């Protein structure tokens with residue numbers, strides 16, 4: 001037991017992150033099912049809108065901070081990056097340990113905040129004055145703020161660790177453009193986290209002081225401005241959505257490269273520059289979340305055009321994935337299915353994002369279900385599809401076992417139908433101007449809402465099926481005999497790898513024939 005509590009091994013800590021993420025994911029999914037059951041027909045089921053809004057808030061926090069980030073950055077980052085770089089472990093193993101162990105208490109505090117009344121029914125954005133003491137007079141929002149602080153500290157420590165690992169523990173003679181795409185994506189994600197999280201910490205600390213110490217940062221009666229909070233929050237919030245998707249881009253790139261049988265992804269260097277471009281542009285478009293707060297027309301014009309420009313590097317990535325698949329004979333195995341599903345659905349989410357980047361259109365669509373449909377296409381079918389496809393793809397590496405291929409294909413089809421049936425109708429609801437975060441609606445919206453709720457039940461069944469498939473493989477212990485057609489360093493290990501895969505950092509030597517030889521020195 002102490003092996004897990006005090007471990008400084010990147011593989012053990014990666015497994016802990018994955019377990020926490022799975023647990024939080026089940027919790028967050030349960031909350032989304034409660035939301036969809038409430039909305040499956042007109043009329044009230046929960047009969048208390050404060051509780052409904054609390055469920056919406058908790059669903060968002062759980063999925064973002066305790067499911068996607070621990071899975072992609074903590075889980076896969078810890079597990080795969082040292083193996084892909086050929087390094088013995090992370091740069092700061094003990095810091096790695098504490099950056100995980102800050103997450104369970106943070107999760108506990110988030111769940112504890114729901115036990116007070118009024119519970120935090122603010123939405124994940126926690127806008128004042130709704131989150132101020134006047135409208136949430138219990139300690140609930142304070143607990144949520146402390147939870148955010150702890151997970152933020154955890155993320156910053158994990159990011160520093162990953163950055164130093166990628167910069168200092170790669171092969172000594174390797175150039176940066178030779179580092180594979182997943183370490184690159186996590187490196188850029190770490191930069192985004194380190195630059196954006198302190199701004200969030202400042203914003204929620206000011207909110208904490210407004211609530212408890214009678215300051216008025218966000219209170220107009222004392223000369224403050226609630227719009228200041230929105231600017232600070234979204235300066236973190238927009239890079240955050242790229243933090244959620246960029247590691248997924250890196251993982252999907254590896255899967256596409258491996259499954260197409262190519263030695264490298266199409267336009268490897270362009271892919272790196274595209275991710276750098278996305279990371280940079282992500283910081284200068286935050287006010288597109290605020291088109292309705294009364295921005296100046298020139299400001300709206302700037303944020304509209306800057307947001308549209310983000311589509312360019314994203315399009316480069318999508319077409320490079322498709323170009324990598326071009327010309328190879330596709331046998332539709334499970335990794336290819338998931339990667340193609342990711343590319344297709346993420347692209348749909350990107351196109352609805354282009355629609356919303358127009359400030360004139362966004363004035364109409366802001367805070368409707370069109371926005372919910374958009375960001376669930378890029379998160380629930382971008383980030384989550386990246387997580388599931390990567391988990392299935394690297395499961396034989398992590399455990400040395402095989403999943404049941406036929407069942408996985410059935411599960412993929414169920415999931416694909418379920419998520420599309422859930423979120424595609426929400427665009428229609430948004431165009432019919434159904435607002436977000438409301439527990440009841442006129443019966444003119446009944447048809448699409450009932451279809452959406454049916455889709456969420458299909459998705460739930462597919463996730464239960466996936467858990468069953470994983471448990472079945474762990475119980476039956478089918479070992480993997482042959483591994484082939486892999487272009488990445490991590491597959492050169494035993495399956496599962498030893499606790500310490502590399503005892504020292506390898507050296508890459510290029511001889512006169514320009515063939516690379518990997519030797520230990």
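The backbone N, Cα and C atoms fix where each Cβ goes, and this holds for glycine too.
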- Item | Of the candidates 238, 254, 326, the one that Swiss-Prot places in the Cu cation site of 288, 289 | 238
- Note on the structure: Among 61-81, 208-228, Swiss-Prot lists transmembrane segment at 61-81
- Query: Between 121-141, 184-204, 478-498, which stretch does Swiss-Prot give the note transmembrane segment?
  - Reply: 184-204
- Residue among binding-site residues 38, 367 with least C-beta crowding, 10 angstrom cut-off: 367
- Query: Cα distance, residue 38 (Ca(2+) binding site) to residue 59 (Fe(II)-heme a binding site), nearest Å?
  - Reply: 14
- Restricting the comparison to the binding-site residues 242, 367, 374, 376, which residue's C-alpha is spatially nearest the C-alpha of residue 289 (Cu cation binding site)? 367
- Give the one range among 15-35, 98-118, 303-323 whose Cβ atoms make the most pairs under 8 Å with those of the transmembrane segment (61-81). 15-35
- Task: Quick one: of the binding-site residues 38, 43, 238, 242, 376, which has its CA closest to the CA of residue 367 (Mg(2+) binding site)?
- Result: 376
- Item | binding-site residues clustered about residue 238 (Cu cation binding site) [Cα within 10 Å; pool: 366, 374, 376] | none
